[in-house]
Amino acid sequence: MHEITLSQRALEIIEQQAQQAGARRVTGVWLKVGAFSCVEASALTFCFELVCRGTLAEGCELHIAEQQAECWCERCQQYVHLVSQHVRRCPLCNNDQLQIVADDGLQIQRLELE
């Protein structure tokens, strides 16, 4: 379960940003998870709540959005979006030789601080 490691790393960054801003508390966190990142939203939520105990982010509201994977199709020379790691064909030309160019794992999109 790599969600615990992702949660720990995200919390380190969140706490650093909160401290730099002089915040007393983190009340909201918005994360973006890549479609091919193999991150389970429910496991991430559980792990995030666990690692936040006793920190500035304890009790914060966690928002998770899934990012579509962006791929480059050599055949039709277009960027395309895929929503499932199980369907890896270009929706425009049905080519199966796609290069994934953006599926950024986990990104912190926004923080709400007090």
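Just so it is clear, glycine is given a Cβ too, placed from its N, Cα and C backbone atoms.
Feature annotations, reproduced from Swiss-Prot:
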type: BINDING; residues: H2; note: Ni(2+) binding site
type: BINDING; residues: C73, C76, C90, C93; note: Zn(2+) binding site
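Here the features listed in Swiss-Prot are placed on the structure.
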residue	record	contacts (Cβ under 8 Å, 6+ apart)
H2	Ni(2+) binding site	C38, V39
C73	Zn(2+) binding site	Y79, V80, C90, L92, C93, N95, Q97, L98
C76	Zn(2+) binding site	C90, L92, C93, N95
Within a 10 Å radius around the Cβ, which one of these binding-site residues has the most neighbouring Cβ atoms: C90, C93? C90
Around the Zn(2+) site formed by C73, C76, C90, C93, list the extra residues of the same chain whose Cβ is within 8 Å of the site's Cβ centroid. E74, R75, Q77, Q78, V80, P91, L92, N94, N95, L98
